[in-house]
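One structure is given here, and the rest of the page talks about it.
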Amino acid sequence: MALTAALKAQIAAWYKALQEQIPDFIPRAPQRQMIADVAKTLAGEEGRHLAIEAPTGVGKTLSYLIPGIAIAREEQKTLVVSTANVALQDQIYSKDLPLLKKIIPDLKFTAAFGRGRYVCPRNLTALASTEPTQQDLLAFLDDELTPNNQEEQKRCAKLKGDLDTYKWDGLRDHTDIAIDDDLWRRLSTDKASCLNRNCYYYRECPFFVTRREIQEAEVVVANHALVMAAMESEAVLPDPKNLLLVLDEGHHLPDVARDALEMSAEITVPWYRLQLDLFTKLVATCMEQFRPKTIPPLAIPERLNAHCEELYELIASLNNILNLYMPAGQEAEHRFAMGELPDELLEICQRLAKLTEMLRGLAELFLNDLSEKTGSHDIVRLHRLILQMNRALGMFEVQSKLWRLASLAQSSGAPVTKWATREEREGQLHLWFHCVGIRVSDQLERLLWRSIPHIIVTSATLRSLNSFSRLQEMSGLKEKAGDRFVALDSPFNHCEQGKIVIPRMRFEPSIDNEEQHIAEMAAFFREQVESKKYLGMLVLFASGRAMQRFLDYVTDLRLMLLVQGDQPRYRLVELHRKRVANGERSVLVGLQSFAEGLDLKGDLLSQVHIHKIAFPPIDSPVVITEGEWLKSLNRYPFEVQSLPSASFNLIQQVGRLIRSHGCWGEVVIYDKRLLTKNYGKRLLDALPVFPIEQPEVPEGIVKKKEKTKSPRRRRR
């Protein structure tokens, strides 16, 4: 479709009307360029897909929404805007689209959040109820849904009242009532525990109400994980050919795709035996009480028992072999170099893939049959079986995918990382097997790039080391296929608005010198706090361990520090805003996640402290396998993996400072390697152009470190 004169006029008119809605609107050349580039791509005038880096201040959200809505209307398609996190998704849904509705009154839009963000009305009713009959019913359905105390029951009753009177839409993030994680776990549900159309509350369920709204909406705000799942199952979203897709925070897409394709499952022998026994009993109950018209051969008891016995013996053999690779009787991990399994293990995985897929198919067949049963049956008993079969289906789906992936030598032209872990839980050792592909470009090509005609990939940061090459390698986007890559200029004058400070540290932030380095950092930070020059500050760390050691050095300043983990992030930010508004000093302290999506302007943030260059962890099975693979191709892992990742992280961290034309301040980076190592100049060259200062550092006094046993974490 060509961009007609009428379409161009419509986009221009909306853009002009928008300027009147936003106080102190500043017209920006990069924004006009982005609107034009997005329009040309979505209309099919230029290229296949567009990757466009739009630095902070460009106004990228409105720059893709205006042309996106205009072209979607012209072509009678649905515009899907996908983000990487709930916060940005909610901002677009609750702020940006309502703003556009003022100039496009008939605009229809909705948001599609993951199932786990919505309340389950069945669970809410049970937790809000004071009637024992409700609890008895749910106990029969195998659900543990009882309020812990009267206060919790009253809270749930208030939530139910808000839901019933349409004061609340059922989203966790859209209520002021405090809901802790334990309560929300019981209030929400997952695919395996949802009765779907068989549920009494189906028509009023917030999750399914939203899913129905998608069919009528012109704009759907989703997230990357949901989009990937929808493209895989061809559900939730309209047909790919009838979509215009914008992937905001597009730099997260390869990681989200990899996470979606990562498979892990418990394979502990007693646990597996129990699951198989439960499934055979479940099938027997279905055959006895809700016998299907056509009996699948595998449901015949003798055949099913033999099938499960073979599966059990294979799992037992797998346990025996894997345990040989790990020290006995303790937590351990073993990774297979280059993802290559010994022939004996490979044969077991291939057979497991076939056997678990057959059980998955059987569970799906019974579930479909149970879902079609009429009201002439015992509805409570039927619902209990549906829930149990749904959970069995979920288990066998994961197992089938896991063993299929384990059987592959490569995925997207790269090895599949494969490893086993032994973990202790409640005094018992459990064995797990994990698989994840290093590259996901083939999957993205199949699900997105080849399926949807035109896609916009955008973010404030898409490049690392001034290059799109890392994005291209990880995503599979390429100029040869007609994809375009555009980097817009920043509208800010960084040279005048701020500066980079690299203190003259005595120590590099290596593991050997970590304690001395953090002591120096704490001394310089204390000096900055005592200067009282800055109200709002942010301190970013590459690891939780380093953050905790830093806090040990500044215990006397703890009251002004708002530390990640103390409270939910949005509450920390709210408190930070209130403090600064009252003229108090406030310091946010966090990890890399605080370097993204944190929009604090002016005095709210005028000094950013960065602990060190954030290279990716080198102990992750995925990173190690990728390094082995790159070396086998005579490529240098530091250049391909570590440095681009570090550059990307540093750009995001530094980007917290200048968020508007009125912002000012300093970025303090406690890492002299930026000036002493050859790669340091390349990292600095990829940052906005700031003047650089190198002040002296007061001597840090090293504290004695208390010996503490660090908790074991699962590595990926």
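Glycine too: its Cβ is placed from the backbone N, Cα and C atoms.
For ALA54, PRO55, THR56, GLY57, VAL58, GLY59, LYS60, THR61, the entry in Swiss-Prot reads ATP binding site, with the evidence type sequence analysis. Around VAL58 (ATP binding site), the C-beta neighbours below 8 angstroms that are at least 6 residues distant in the chain are ARG28, PRO30, GLN31, MET34, LEU488, SER490, PRO491.
As annotated by Swiss-Prot, [4Fe-4S] cluster binding site applies to CYS120, CYS194, CYS199, CYS205, with the evidence given as sequence analysis. Long-range C-beta contacts of CYS194 ([4Fe-4S] cluster binding site), restricted to its own chain and to partners at least six residues apart, with a cutoff below 8 Å, comprise ARG115, CYS120, ASN390.
For 17-294, the entry in Swiss-Prot reads domain 'Helicase ATP-binding', with the evidence type sequence analysis.
Among the features that Swiss-Prot reports, domain 'Helicase C-terminal' is placed at 487-698.
The motif 'DEAH box' annotation in Swiss-Prot covers 131-134 (among others).
Residues 51, 60-61, 64, 81-85, 88, 92, 224, 457-459, 461-462, 471, 596, 648 of the same chain lie 6+ residues outside the motif 'DEAH box' (248-251) yet bring a C-beta within less than 8 angstroms of a C-beta in it. Per Swiss-Prot, the feature motif 'DEAH box' maps to 248-251 (among others).
Here GLY57 (ATP binding site) is positioned 47 angstrom away from CYS199 ([4Fe-4S] cluster binding site), judged by their C-alpha atoms.
Mapped onto DSSP helix, strand and coil, the motif 'DEAH box' (248-251) counts 2 helix, 0 strand, 2 coil. Distance noted between the C-alpha atoms of GLY59 (ATP binding site) and CYS205 ([4Fe-4S] cluster binding site) is 35 Å.
Spacing of LYS60 (ATP binding site) relative to CYS205 ([4Fe-4S] cluster binding site) is 34 Å (Cα to Cα, whole number).
Sorted by the number of other CB atoms within 10 A, the binding-site residues CYS120, CYS199, CYS205 start with CYS199, the lowest. Close to the recorded [4Fe-4S] cluster site, the chain also has PRO121, ARG122, THR189, LEU195, ASN196, TYR201, TYR202, PHE207, PHE208: residues not among CYS120, CYS194, CYS199, CYS205 whose Cβ is within 8 Å of the site's Cβ mean position. Here the Cα atom of CYS205 ([4Fe-4S] cluster binding site) is found 38 Å from that of ALA54 (ATP binding site).
Proximity of THR61 (ATP binding site) to non-local residues of its own chain (separation of 6 or more, Cβ distance below 8 Å) is seen for ILE92, ASP96, ASP248, given in sequence order. Cβ proximity to the ATP site centre (mean Cβ of ALA54, PRO55, THR56, GLY57, VAL58, GLY59, LYS60, THR61, cutoff 8 Å) flags the following additional same-chain residues: PRO30, GLN31, MET34, SER63, ALA460, LEU488, PRO491.
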